[in-house]
Amino acid sequence: MRKVELYRFSLPMEAGVILRNQRLKTRDGLLVCLTQDGKQGWGEISPLPEFSHETLDEAEEATLGWLHSWVTGDQAFESALPSVAFGTSCALAELDGRLPETADYRKAPLCNGDPDELFAVLGAMPGEKVAKVKVGMYEAVRDGMIVNLLLEAIPDLKLRLDANRSWTRAKADGFAKYVMPEFRSRIEFLEEPCKTRDESREFARETGIAIAWDESVREADFIVQAEPGVSAIVIKPTLVGSIQRCHSLIQQAHNAGLKAVISSSIETSLGLTQLARMAAWLTPDAIPGLDTLSLMQSQLVRQWPDSDLPLTEVDSLDVVWRR
Ligand SMILES: O=C(O)CCC(=O)C1=CC=C[C@@H](O)[C@@H]1C(=O)O
Ligand SMILES: [Mg+2]
């Protein structure tokens with residue numbers, strides 16, 4: 001006997017969360033719950049505006065199709081929509097006990113500009129200290145100064161930087177020029193500095209600052225391979241697809257000597273805790289990039305361990321479909 005429930009949620013975001021060209025006022029998505037033989041599996045399907053190619057309505061239609069076929073006992077197929085493939089694969093993996101419970105709740109704290117906030121968080125961080133700083137939004141010189149300031153103040157800190165392809169080669173070089181040469185090796189990676197992959201490769205080779213692929217990983221012509229100056233790939237499962245697909249990318253990265261970093265697409269606490277479990281299982285040596293819960297005003301159904309945010313329970317959600 002199989003049963004399914006599909007819910008829709010809409011959680012308020014903190015003011016001022018901007019994704020590329022759009023303010024994100026609420027985080028909207030779907031939760032699926034599969035039941036079989038008294039066991040349950042949950043999954044979150046929440047396409048990220050400006051990043052996912054599918055809309056929430058498209059994801060809902062695809063999810064309904066998938067659920068219809070699963071509940072009538074058909075072989076589960078993998079949806080072509082990454083958010084749907086990710087959420088349904090999580091629900092199935094929980095149901096079959098394939099997603100281990102142990103989670104890696106470490107997260108690389110995100111800094112969107114104010115280094116003072118970061119000092120306090122890093123001071124309290126046990127073990128390896130890694131933070132992520134967004135760059136490319138202001139002057140490259142300012143970005144360079146913040147990087148120097150942080151690395152100078154905290155000698156055991158490593159930084160991940162993310163430019164989201166915002167720089168020309170000249171701007172990227174402007175940034176590199178301001179980073180003290182002795183600090184460059186403590187930049188674990190800079191995600192996608194330049195507008196094109198070739199420019200980013202050149203930047204890495206010429207400046208000695210390691211880069212990571214993020215946006216590129218989701219492009220059709222991308223191949224995971226060892227390249228000079230490339231240290232990691234970033235995997236955002238909601239944008240990439242099923243657990244199996246992510247697992248395969250992670251294996252390819254490890255085989256090529258690259259780090260793989262599981263990272264958030266601003267999922268709710270339900271999806272984020274599952275990402276923390278995937279990270280403990282598949283990338284135990286890499287601190288995952290999951291510091292996005294505080295961008296929201298509420299958690300959903302499951303609690304992230306140290307969060308004080310209120311919890312929205314499942315009975316307050318709209319049911320889309322139940323069978
Ligand atoms: O990678 C992390 O540490 C956190 C997630 C993160 O930085 C992002 C998530 C989703 C969209 C972007 O705003 C941003 C990114 O570009 O990597
Ligand atoms: Mg990125």
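The backbone N, Cα and C atoms fix where each Cβ goes, and this holds for glycine too.
The following features are taken from TrEMBL:
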type	residues	note
DOMAIN	115-210	domain 'Mandelate racemase/muconate lactonizing enzyme C-terminal'
ACT_SITE	K134	active site, proton donor
BINDING	D162, E191, D214	Mg(2+) binding site
ACT_SITE	K236	active site, proton acceptor
Within 10 Å of the residue listed as 'active site, proton acceptor' (Cα basis), scanning recorded positions K134, D162, E191, D214, I find D214
Per DSSP (three-state), D162 (Mg(2+) binding site) is strand
Filtered by Cβ distance under 6 Å to ligand 2, the recorded positions K134, D162, E191, D214, K236 reduce to D162, E191, D214
If you measure between the CA atoms of D214 (Mg(2+) binding site) and K134 (active site, proton donor) and round to the nearest Å, you get 13
Over the domain 'Mandelate racemase/muconate lactonizing enzyme C-terminal' (115-210) the mean pLDDT stands at 94
Between the C-alpha atoms of K134 (active site, proton donor) and D162 (Mg(2+) binding site), the distance in angstrom, to the nearest integer, is 5
Near Mg(2+): residues not in D162, E191, D214 with Cβ within 8 Å of the site Cβ centroid are R160, L161, A163, N164, F189, L190, E192, A212, E215, V234
Comparing local Cβ density (other Cβ atoms within 10 Å) for the binding-site residues D162, E191 points to E191
Across all protein chains shown, the active-site residues K134, K236 give the max Cβ-within-10 Å count at K236
Reading the DSSP string in three states, the entry for the residue listed as 'active site, proton acceptor' is coil
One finds that other Cβ atoms within 10 Å of the Cβ of D214 (Mg(2+) binding site) number exactly 23
Per DSSP (three-state), K134 (active site, proton donor) is strand
